[in-house]
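Enquirer: Could you have a look at this structure, given as structure tokens, before my questions?
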Amino acid sequence: MLAGKRILLIIGGGIAAFKIPALIRLLRQQGAAVTPVMTTASEQFVTPLTVSALAGEKVYGDLFDLTDEAEMGHIQLSRVADLVLVAPATADLMAKMAQGLAGDLASTLLLATDTPVMIAPAMNVRMWLHPATQRNLVLLKGDGVQVVGPDEGDMACGEFGPGRMAEPEEIAAACAAALTAGPLRGRRVLVTSGPTHEPIDPVRYIANRSSGAQGTAIARALVGLGAEVIFVTGPAEVPPPEGVTLVQVETARQMRDAVQAALPVDAGVFAAAVADWRMATQSASKIKKGASGLPVLEFAENPDILAEVSQMTEGRPGLVVGFAAETDDVVAHATAKRIRKGCDWILANDVSPETGIMGGSENAVVLISETGAEPWPRMGKAEVAQRLAARITEALGAG
Ligand code: CTP
């Protein structure tokens, strides 16, 4: 996803710097070259030796290092990359960037660069919410700086709230999206995929035959068009695509929470085969055979994630695409389903065993929208994905 790209990684001095070695590995696994620059403070949290070893390059650190200047002047250093990534972007670095200060190598590079800049803020929740930081954030966004995160959660300082640096995977995905010149660049798309598993007891669960192949192919096609993709997947057979923000879940309720956390998005594609039911009560210990005869499983209904998102009154994605797995009267059932759930499009497919579609490599779908039913010829799942991604691009006015 990042093959042939060079990222100038400016590492700020915050506790989140401990995640930087993992980030460097991910970026390099995806084919990027990483040139690290460390502030003096960051060296308190991660050693230059670790950073250099993982990046496979020297670490730049001091503005007035004569050897560095002889090898590559700081102005030139600021221009060699395809993207300048600041992670963790501390409150101090953000303030320096917003004000155009250039007192050390990191801030000087940021002032001198003519390449796109992305920041991954990380700081204490009060510092993040402080009007000064929020003001700086507005200024930076106004200057075209892209922002990934921060996430909300437990923080190293013991507080809870927004300010935790985005996970390395999310940052790497944002870099991939920023560096892929495609019509969906700058658009956020959510894709759900795979089956869900609903536990019966600690060792048994209810599942379905979804392999996750179609959802994975769709996510891959969207990434290929430059979208930032949040990929929420149940336990699928196929490996997840590269270049996405990966959220792995097991149950329908976990998938619902992950979907809600991913909003707002420009479009949502709900390809997951979500279990309609879960156990009304899940046994905490393994159910034993014998004594009390055959077990009777009592079900409770799972949340309908697609319907919930489709029917949001505020913050609904601009385009919501559902799937309909049917075994008979495909178009009639799927048309009714589209209206019942409130989504914009439904990709309906016949999953009768004789079609070999569920778990297979091909798909034959009918695109159902307000304007009617459009059957697509039987084709590979990757082609279905590409065709759908192209239609999404068109619908978002991004073509
Ligand atoms: N879906 C969902 N949450 C659920 C069930 C389904 O988000 N709890 C989504 C699927 O991801 C898919 C669509 O709804 O996009 C249709 O799923 P399908 O299983 O075909 O429909 P059901 O809701 O199960 O309806 P029915 O039982 O009538 O077939």
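We count from 1, first residue shown onward.
Positions of Cβ are set from backbone N, Cα and C atoms, glycine also.
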Enquirer: Among Asp276, Asp329, Asp350, which residue does TrEMBL annotate as binding CTP together with Lys286, Pro303, Asp304, Ile305, Leu306, Phe323, Lys337, Lys341?
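Expert: Answer per TrEMBL: Asp276.
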Enquirer: Among all protein chains shown, how many Cβ atoms are found within 10 Å of the Cβ of Cys157 (active site, proton donor), not counting that one?
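Expert: Its Cβ shell of radius 10 Å holds 13 other Cβ atoms.
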Enquirer: Counting only residues 6+ apart in the same chain, whose Cβ is under 8 Å from the Cβ of Asp276 (CTP binding site)?
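Expert: The answer is Glu301, Asn302.
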Enquirer: How far is it from Ile305 (CTP binding site) to Cys157 (active site, proton donor), counting Cα to Cα, in Å?
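Expert: On Cα coordinates alone, these residues lie 34 Å apart.
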Enquirer: Do me a favour and check the Cα-Cα span between Pro303 (CTP binding site) and Cys157 (active site, proton donor); whole Å is fine.
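Expert: Their Cα atoms are separated by 35 Å.
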Enquirer: Determine the minimum-neighbour residue: among Pro303, Ile305, Phe323, Lys341, listed as binding-site residues, which Cβ has the fewest other Cβ atoms within 10 angstroms?
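Expert: Checked Pro303, Ile305, Phe323, Lys341; of these binding-site residues, fewest Cβ neighbours within 10 Å: Pro303.
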Enquirer: Taking Asp276, Lys286, Pro303, Asp304, Ile305, Leu306, Phe323, Lys337, Lys341 as the record's CTP-binding set, what's the max Cα pairwise distance in Å, rounded to a whole number?
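Expert: Per the listed residues, the maximum Cα distance equals 37 Å.
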